[in-house]
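Here's the structure, in structure tokens; my notes come after.
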Amino acid sequence: MAADGGGEPDHLAGERATAQFDVDGMKVAWAGSRHAVEVADRMARLVASDPVFRKDTRTMLSRKELFKDTLKKAAHAWKRIVELRLTEEEANLLRLYVDQPGYVDLHWGMFVPAIKGQGTEEQQKKWLPMAYKFQIIGCYAQTELGHGSNVQGLETTATFDPSTDEFVMHSPTLTSSKWWPGGLGKASTHAVVYARLITEGKDYGIHGFIVQLRSLDDHSPLPGVTLGDIGGKFGSGAYNSMDNGVLRFDHVRIPRDQMLMRLSQVTREGKYVHSDVPKQLLYGTMVYVRQTIVADASKALSRAVCIAVRYSAIRKQFGSQDGGPETQVLNYKTQQSRLFPLLASAYAYRFVGQWLKWLYTDVNQKLEAKDYSTLPEAHACTAGLKSVTTSATADAIEECRKLCGGHGYLNSSGLPELFAVYVPACTYEGDNVVLLLQVARFLMKTVSQVAAGKQPVGTIAYMGNIQHLMQCKSAVNTAEDWLNPAAIKEVFEARALRMAVNCAQNISKAPSQEEGFSELSPDLLEAAVAHVQLIIVTKFIEKLQEDIPGPGVKEQLQKLCSIYALHLLHKHLGDFLSTGCVTARQGALANELLGKLYAQVRPNAVALVDAFDYTDHYLGSVLGRYDGDVYPALYEEAWKDPLNETVVPDGYQEHLRPLLKQQLKLSRL
């Protein structure tokens, strides 16, 4: 996908001419299919060519202007979706390329799935048509001022009143205020609210309720409902386009049938009854949400890497001592060693995200067949992948900013806003540390089950090979031996298993299991990370076994897979050494091979980021322009700043002139 404009000189043409593979074939590998490439291309160009979706001045807008701009873009996007009769796939991509967080994200991403997953057929027939047509706008109100990850600690109450057949929604404390839900502050008319269900004097824990918040006539809050925005967030533009909100209830009544009743219900008489639908069905929605988060990690990381690679090929710095041309920054080994592992990670996360789509389908099929055997493994897998990919991506975007030098600090580089937009992913839908501890608990349970003779499945199947993995030694003798995927996979399996077994053994020595878990939690986090990194490496290796179109594509992916795995080995060498998986010499050989791989990837770097197929509009970066014409664009962008609207600044007469003319009464100077 070329730049949005036309006629500009392509300063990166020479870089692209060196590509040693079929770029179109790589685009197909990245997108998953040729159809996906074509649909994404159409939607990206549709957005880029529409002036309503302009975003280059977004970081200069006030909060009010930014939010109004978001409302305008969301409404225009919906208008285009309806006019063009776009499919669900096309509509999702159009919203993606609009690239501005807003209430529609929570409406489609949380409100609708919650009703589909937890509502009865009757409730779905009532509420989903209104949601699909935007006759109502919904959000997902779970987190409170005083509780986030600890969902069981939520304080909002829903008390059933049998005399009126209603639930009474109430916020009994300040900390019970709903706090952070996106779309809640100003846009949503309805919410799926999570509250403590109380009936017949008994607390039955957290349940979901559909609650109308605002009038459908004039959008004013309904009686007893206090609503507002929680204020500006980190960064300019960025996530400030989202109206994250605060919500309090003062004895607000809703009909009994607005409790989401697929899994449990309250009868007209006030009896709490479990339905015959197993609660495990909720796992399908959870897997769906987390697989989208992993896919988003790949998109955000690949955008940052695309900017950094293209700019590193344009920027020249130092080099010649005799007056010759300066050296491209991308040719420096220090730049390659920092940047190319991030490029490899973007591909790795993309491929594990594609696998998660398959997992979502597989989980749903098993659920329909009432097969719940793989659910614990699916839960641990998705929780771990969400945690590891989002944390690594947030760090990587910041690293890409630093790789772009001083210009990376400018808003016009696109990187500060991209970081500010992305970093909340480390917290929402499960704090990353809390999620890894859940993975660790699963691993400890699995170790005990393997010891009891149970055969593990899925992403933990490797633990069934415990006798070999606890004793094996890597057979690597030369740097090139590390190119063997089997050699890489074995040491990653051995490292993950040995770290998990070591934690389990140490917990068994503690006075109690919970005390041991708490005391060893830092070690357990590292064991969980090792397990998740093994999953990503494994899925990258499995991708290489597929029929990949285009000459040279598989060879480039093999190089990226080796870079991803060996960089992790280098970064976590202490784990591999302490568990006896590799020797110090083998670790040194891995690092030696990394240097060779960086040199081999260098001629293809720009073409590899071109394969992400992003328009200039979507990248939103003067440094990452497709044509590489960076410096005129930077100069032009500077003059757009509101400070440059006047030659003499506001405040000159009041503050600068008196100082310069020495009209201030200065004492003792």
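Keep in mind that glycine also has a Cβ here, set from the backbone N, Cα and C atoms.
What TrEMBL says about this protein:
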type	residues	note
DOMAIN	22-137	domain 'Acyl-coenzyme A oxidase N-terminal'
BINDING	Thr143, Gly182	FAD binding site
DOMAIN	283-444	domain 'Acyl-CoA oxidase C-alpha1'
ACT_SITE	Glu429	active site, proton acceptor
DOMAIN	484-661	domain 'Acyl-CoA oxidase C-terminal'
Ranked by the number of other Cβ atoms within 10 Å of their own Cβ, which of the recorded positions Thr143, Gly182, Glu429 ranks first?
Gly182
Between Gly182 (FAD binding site) and the residue listed as 'active site, proton acceptor', the C-alpha gap once rounded to whole angstrom:
12
Rounded to a whole angstrom, what is the C-alpha distance between Thr143 (FAD binding site) and the residue listed as 'active site, proton acceptor'?
10
Confidence summary for the domain 'Acyl-coenzyme A oxidase N-terminal' (22-137), mean pLDDT rounded:
96
Counting by DSSP secondary structure, give me helix, strand and coil numbers for the domain 'Acyl-coenzyme A oxidase N-terminal' (22-137).
90 helix, 0 strand, 26 coil
